Amino acid sequence: MTIKIHTEKDFIKMRAAGKLAAETLDFITDHVKPNVTTNSLNDLCHNFITSHNAIPAPLNYKGFPKSICTSINHVVCHGIPNDKPLKNGDIVNIDVTVILDGWYGDTSRMYYVGDVAIKPKRLIQVTYDAMMKGIEVVRPGAKLGDIGYAIQSYAEKHNYSVVRDYTGHGIGRVFHDKPSILNYGRNGTGLTLKEGMFFTVEPMINAGNYDTILSKLDGWTVTTRDKSLSAQFEHTIGVTKDGFEIFTLSPKKLDYPPY
């Protein structure tokens, strides 16, 4: 498997793309509240991205009909924005990918809708922490399995399950590239990380078991089979000489809710 190795100039491009993706999530934060539709959030994000001379990557990607993904409660990923209002107590993941100057910045965060119960709050916190545990093992010479192991062991320690069917991915001048970044695995196994690799780390963690269902109606929406809650966070990162760089950090330090 040949994995692209990027230059310092490429890092500069990815910093810009990642920053805009993060700024989009910063921008939308105050708009996520009860009675707002995910379609309205989609339109706001679309306009924000295009006003910054960028393109929302999901729109028309393999036929996806919207500019962002909005995944509510038991939706794991790839939820399609619609006209149904958000309800008090919902949790929602907003996943944004921008194309800026030909480079892709991909990130997602969880949001509370109004007053959220303690159980979903705990799931969200553990999911964020699991992502960061996975990112923190990244350095030249580490293995892909180290990332998955760090995420899986942390999530399972808190009695949650890690989705197997969807993964992180290589990224750069293409949306989804090699390698796949599994959110489960064994230490010391898999591809050896090298300086200059770019990829996403994006654990999807379920309160119940890890089985998922892909909607036969729209061909996109993924839900938990047991209808348990699911949470996800995502960062785009690069492997540096002595560790990692996160390209999609929030400029406003809105890392996880409450914001």
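Numbers run from 1 along the shown chain.
Every residue, even glycine, has its Cβ placed from backbone N, Cα and C.
As recorded in Swiss-Prot, the features of this protein are as follows:
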| type | residues | note |
| --- | --- | --- |
| BINDING | HIS78, HIS176, TRP220 | substrate binding site |
| BINDING | ASP95, ASP106, GLU234 | divalent metal cation 1 binding site |
| BINDING | ASP106, HIS169, GLU202, GLU234 | divalent metal cation 2 binding site |
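Structure coloured by features recorded in Swiss-Prot.
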residue : record                               : Cβ within 10 Å
HIS78   : substrate binding site               : 20
ASP95   : divalent metal cation 1 binding site : 22
ASP106  : divalent metal cation 1 binding site : 26
HIS169  : divalent metal cation 2 binding site : 20
HIS176  : substrate binding site               : 17
GLU202  : divalent metal cation 2 binding site : 26
TRP220  : substrate binding site               : 18
GLU234  : divalent metal cation 1 binding site : 22
In DSSP terms, helix, strand or coil for GLU234 (divalent metal cation 1 binding site)?
strand
I need the CA-to-CA distance for TRP220 (substrate binding site) versus GLU234 (divalent metal cation 1 binding site), whole Å please.
18
Could you round the CA separation between HIS176 (substrate binding site) and HIS169 (divalent metal cation 2 binding site) to a whole angstrom and send it over?
6
Which of the binding-site residues HIS78, HIS169, GLU202 has its Cα closest in space to the Cα of ASP95 (divalent metal cation 1 binding site)?
HIS78
Binding-site residues clustered about GLU234 (divalent metal cation 1 binding site) [Cα within 10 Å; pool: HIS78, HIS169, GLU202]:
GLU202
Which of the three DSSP-derived classes (helix, strand, coil) applies to ASP106 (divalent metal cation 1 binding site)?
strand
Suppose the substrate site is HIS78, HIS176, TRP220. Which further residues of the same chain have a Cβ inside 8 angstroms of that site's Cβ centroid?
PRO58, TYR61, LYS62, PHE64, CYS69, CYS77
Other same-chain residues whose Cβ falls within 8 Å of the Cβ centroid of ASP106, HIS169, GLU202, GLU234, the recorded divalent metal cation 2 site, in sequence order:
ASP95, THR107, SER108, GLY168, ILE171, ILE181, PHE199, THR200, VAL201, HIS235, THR236
Do me a favour and check the Cα-Cα span between HIS169 (divalent metal cation 2 binding site) and ASP106 (divalent metal cation 1 binding site); whole Å is fine.
10
